[in-house]
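S.K.: Marked as compositional bias 'Low complexity' by Swiss-Prot: 250-285. Swiss-Prot lists 286-300, 309-320 with the feature compositional bias 'Basic and acidic residues'. Annotated domain 'UPAR/Ly6 1' per Swiss-Prot: 35-128, in sequence order. The domain 'UPAR/Ly6 2' annotation in Swiss-Prot covers 142-224. Positions annotated as N-linked glycosylation site by Swiss-Prot, on the basis of sequence analysis: Asn120, Asn131, Asn178, Asn185. Annotated GPI-anchor amidated glycine per Swiss-Prot: Gly330, in sequence order.
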Amino acid sequence: MDAARRGDTQPVMWTTRWLLLLPLLLCEGAQALECYSCVQKADDGCSPHKMKTVKCGPGVDVCTEAVGAVESIHGQFSVAVRGCGSGIPGKNDRGLDLHGLLAFIQLQQCTEDRCNAKLNLTLRGLNPAGNESAYEHNGAECYSCMGLSREKCQGAMPPVVNCYNASGRVYKGCFDGNVTLTAANVTVSLPVRGCVQDEACTRDGVTGPGFTLSGSCCQGPRCNSDLRNKTYFSPRIPPLVLLPPPTTPAPSTRTQNSSSTTSTTAPTTATTTIKPTTVQASHTSSTHETEHEVIQEEGSHLSGGATGHQDRSNMGKFPEKGGAQIPSKGGSDALGSWLSAILLTVVAGAML
């Protein structure tokens, strides 16, 4: 019986527990923060009929709204974000100036439901905005993108404006950049072009709470068509001059020169090497030939004429084999002297 009663009471206990937890869960769901949510890109994206109400996730206890307004001498626009945020409640306002482009940022965070609709997101007059017709044009021309989408602000598509000086400032430079606003985990970005004071700024920027305005400047008629990937320097800086690369002879010319050099010097080297070897090899034989040549030369001088040269050219050569041998002139003279001596002896004996 006790076991049966325990089995019957167990489902009742689980049901009772769920009934007790249900109000707590309902209270927790009811306590989720509700915030307005919208995005404005120089349009009416945050107008009352376009705003939505969202429930924030766990751990989110503030609603956020942020607005950034940008103004040049030719116009102004604003970007804004509303939604569930993070951080501490409060309000932050800041004004910025980038070479004559003015910006005003407001950030507001609150902890009540749908409390993030207090800021004025409409356009506001910022100095130096004024009546353009009241100023005289200074001759500079620039492309102007104030609140245009990126599709309408490409290259030479945006309108061209004439720059003028305002509030004691000289606007003769052209600007090309971007404005970026980040709030409630949403980032909004739009292009910015127009007349500015600086004529040679390079990727300059100003920042505020979740806000950035940055870009580059240039000088010249409509020079701000695209400065994102270009670098401009002040006219006071000397220009950079690129030197031409050094010229080198073609590979075929070097090959011909080297081959001609080798063919020219090779015989000289070979001749120089052979000469000492020949002299050393024939040194002993040439000594004997020189002595024999001196003797023959003396005989030739005594005999005289071309005969001496002829005998010297044939000296040191062995007689050819076969045939009659022709005696030299020196042998003929000796034979004549010997015959003369015999005849004289015979004549002398006969006389005695």
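Every residue, even glycine, has its Cβ placed from backbone N, Cα and C.
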S.K.: Tally of helix, strand and coil residues over the domain 'UPAR/Ly6 1' (35-128) according to DSSP?
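M.R.: Taking the domain 'UPAR/Ly6 1' (35-128) as a whole: 0 helix, 50 strand, 44 coil.
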S.K.: Asn185 (N-linked glycosylation site) has how many other Cβ neighbours within 10 Å of its own Cβ?
M.R.: 11
S.K.: Across all chains shown, how many C-beta atoms besides its own are within 10 angstroms of the C-beta of Asn178 (N-linked glycosylation site)?
M.R.: 17
S.K.: Counting only residues 6+ apart in the same chain, whose Cβ is under 8 Å from the Cβ of Asn120 (N-linked glycosylation site)?
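M.R.: Correct list: Val67.
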S.K.: At the Cα level, what's the spacing in Å between Asn178 (N-linked glycosylation site) and Asn185 (N-linked glycosylation site), rounded?
M.R.: 19
S.K.: Looking at the domain 'UPAR/Ly6 2' (142-224) alone, can you tell me the average pLDDT?
M.R.: 95
